[in-house]
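Take a look at the structure below.
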Amino acid sequence: MNAKQLAAEQAVEHINDGMIVGLGTGSTAYWAIRSLAEKVSEGLRIRAVASSIQSEDLAKQLGIPLIPFSELEEIDMTIDGADEVDADLNLIKGGGGALLREKILAANSKRLIIIVDESKRVERLGAFPLPVEIVPFAANLTIRRLERLQGKPQIRLANGEPFITDNGNWIADCSFGPIADPAQLHLQLNMIPGVVDNGLFVQMAHQVVVGYNDGTVKIINSR
Ligand SMILES: O=C(CO)[C@H](O)[C@H](O)COP(=O)(O)O
């Protein structure tokens, strides 16, 4: 079993009958969705909400009952991956472009469990370019503002065209270097008109499950 799968399967053990479960996006969340589907096929009764069309399609295909965002009041537990995790369990997310829905799920979940392999743990966030979701019609103005913050923004491309998020927006991947104060940067970015949200998840994770290549798993709880 690979390190991502190990972390995912450990996290899915926390899911109980009756829960509403948020499904993350990406190659680690993939294993959690697979593992959850197996439990559903064995009789676990849950309903899930997906953070992307990709995860929704996978969950549907595997027989996980889904509910739309419009019917949600609260989510019991969300299990999602991350691109970077620091010692305070702050995260960079959005490598897969799903940061907005992921953050809405995280913010409305009683518990957010992050599943990663060991490569995602960092001293300080910022080696991974920070994804910022922006509205396309004012992209040039928003990009200028991101440049003024020293973010060196690059519009994410897919097949030579701007990558379009599930919400119809674009992603500007920003390189700020080591991020000294994630909470402050998060606020600065989200105050720019034209920014929809950014991939900093500051003190949102309740637990991080880290899978190691030697087959072990470490659980880190938020303080
Ligand atoms: O935030 C995400 C998608 O928007 C993912 O959780 C993040 O990119 C990690 O992906 P992976 O598990 O494939 O490494």
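Here the Cβ of each residue, glycine as well, is placed from N, Cα and C on the backbone.
Predicted automatically and left uncurated, TrEMBL annotations should be read as such.
Among the candidates Lys60, Lys110, Lys120, the one that TrEMBL lists alongside Thr25, Gly26, Ser27, Thr28, Asp80, Gly81, Ala82, Asp83, Lys93, Gly94, Gly95, Gly96 as binding substrate is Lys120. Looking at Lys120 (substrate binding site) and Glu102 (active site, proton acceptor), their Cα atoms lie 18 Å from each other. Listed in sequence order, the binding-site residues among Thr25, Ser27, Lys93, Gly95, Lys120 whose CB lies under 6 angstroms from an atom of ligand 1 come out as Thr25, Ser27, Lys93, Gly95. Considering only the binding-site residues Lys93, Lys120, the Cβ with the fewest other Cβ atoms within 10 Å is that of Lys120. Looking at Gly95 (substrate binding site) and Glu102 (active site, proton acceptor), their Cα atoms lie 11 Å from each other.
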